[in-house]
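J.: For reference, the structure I am asking about is given below.
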């Protein structure tokens, strides 16, 4: 079907794109720092961060420079060969974490798919072909492939696609007794987000994660931390596992890892990695020089005291604004999360209306997120300026007033 080449508008989306998204009515065309401009030149303060991706804001000079420099050198070579940016980034991640081996992919879904395949394969070759059970949690989110969406504990995303991968059990989050009730020697892995992002910005308790570590050790199962959303500085530590003092066997990272450029990583120990061999898994684009060069530049900035030590003060500034809004409009029952992954749960009177607040925010020039129908979510740049926080939250207060007065 021929499509007339006219001006690009929001209606163009409905004409040409698969209907799996419901994007905003405006189209962003430019970003700088924590500001976005649309086709009409309207300015927005961005507290959505591309869903916790643009950790250094839009068009950070160091990332732009890394992209331009690498773009003039080598873009893609495939994994028939290796490349210097991937090896440099791999070394940085290993030196900064528990891990001894890393593999790069293109998205959080792919990193988690790799992790789940490795966990099952490791159990098969080291223990038993019947050691296949994966324990995961209600309201979790681990990606959109058939395997990862099945491990995620949200039927609204996984139902309707035919048979799912078998031997996946879901139990309530933060409920160690529920895990104990289903844990046995057939379990190959427990998969958990230290902070459930899509599931409502709910943080695990230290006792829960420590208990999972002990149960995995008792049953020779692997503990897998999905830090796709909460990792790379988001909590104030480089990775959330360091805050909790609980070391996983496998960790996945994406989103902020590339600062806006698609890349993900799965990290593990040398012993666990040795279960794989050439051909066990792979990716055409994973670890390409362009992505790894940008991610390396992002890592060098995020993994600094200047960035990490400033996150709690920025969080408190957001929380102070949210509390002030709640005092004025009586809309939030809980303000939670960690670092700059912030959730504000709506009171019963406003249950199910999170997207109303999101849309109202866009109308007044502030971009926010929801985490389910009842929770507002903020995932701004880790280097967002105080002036941007203040102005953006003032705009959000106007958005709340619009919804409350509606």
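Every residue, even glycine, has its Cβ placed from backbone N, Cα and C.
From a predicted model like this one, the values you see are computed outputs, not experimental measurements.
As listed in Swiss-Prot for this protein:
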type	residues	note
BINDING	108, 109, 141, 226, 227, 228, 229, 284	pyridoxal 5'-phosphate binding site
BINDING	144, 283	N(2)-acetyl-L-ornithine binding site
MOD_RES	255	N6-(pyridoxal phosphate)lysine
J.: Rank the binding-site residues 229, 283 by the number of other Cβ atoms within 10 Å of each Cβ, and give the residue at the low end.
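T.: Taking 229, 283 as the binding-site residues, the minimal 10 Å Cβ count falls on 283.
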J.: Quick check: of the recorded positions listed here (144, 255, 283), which one has the Cα closest to that of residue 226 (pyridoxal 5'-phosphate binding site)?
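T.: Out of the listed candidates, the nearest Cα belongs to 255.
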J.: Which residue among the binding-site residues 109, 284 has the fewest other Cβ atoms within 10 Å of its Cβ, if you could check?
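T.: Candidates: the binding-site residues 109, 284. Fewest Cβ atoms within 10 Å: 284.
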J.: Other Cβ atoms within 10 Å is the metric here; tell me which of the binding-site residues 226, 227 scores highest.
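T.: Top count of Cβ atoms within 10 Å goes to 226.
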J.: Please report the DSSP secondary structure of residue 226 (pyridoxal 5'-phosphate binding site), reduced to three states.
T.: strand
J.: Could you give the Cα-Cα distance between residue 228 (pyridoxal 5'-phosphate binding site) and residue 255 (N6-(pyridoxal phosphate)lysine), in whole Å?
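T.: One finds 6 Å between the Cα atoms of these residues.
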J.: So if I draw a 10 Å sphere around the Cβ of residue 108 (pyridoxal 5'-phosphate binding site), how many other Cβ atoms end up inside it?
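T.: The Cβ of residue 108 (pyridoxal 5'-phosphate binding site) has 27 Cβ neighbours within 10 Å.
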J.: Give me the non-local Cβ neighbours of residue 255 (N6-(pyridoxal phosphate)lysine): same chain, 6+ apart in sequence, Cβ-Cβ under 8 Å, ordered along the sequence.
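T.: Result: 50, 51, 52, 53, 55, 108, 228, 229, 231, 232.
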J.: Using Cα coordinates, what distance in whole Å links residue 144 (N(2)-acetyl-L-ornithine binding site) and residue 227 (pyridoxal 5'-phosphate binding site)?
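T.: Cα of residue 144 (N(2)-acetyl-L-ornithine binding site) to Cα of residue 227 (pyridoxal 5'-phosphate binding site) measures 16 Å after rounding.
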J.: Under a criterion of Cβ-Cβ distance under 8 Å and sequence separation of at least 6, what residues of the same chain contact residue 141 (pyridoxal 5'-phosphate binding site)?
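T.: In sequence order, 152, 154, 157, 193, 196, 197, 198, 199 meet the Cβ cut-off.
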J.: Using DSSP and collapsing to three states, where does residue 283 (N(2)-acetyl-L-ornithine binding site) fall: helix, strand or coil?
T.: coil
J.: To the nearest Å, how far is the Cα of residue 283 (N(2)-acetyl-L-ornithine binding site) from the Cα of residue 109 (pyridoxal 5'-phosphate binding site)?
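T.: Checking the Cα atoms of residue 283 (N(2)-acetyl-L-ornithine binding site) and residue 109 (pyridoxal 5'-phosphate binding site) gives a distance of 13 Å.
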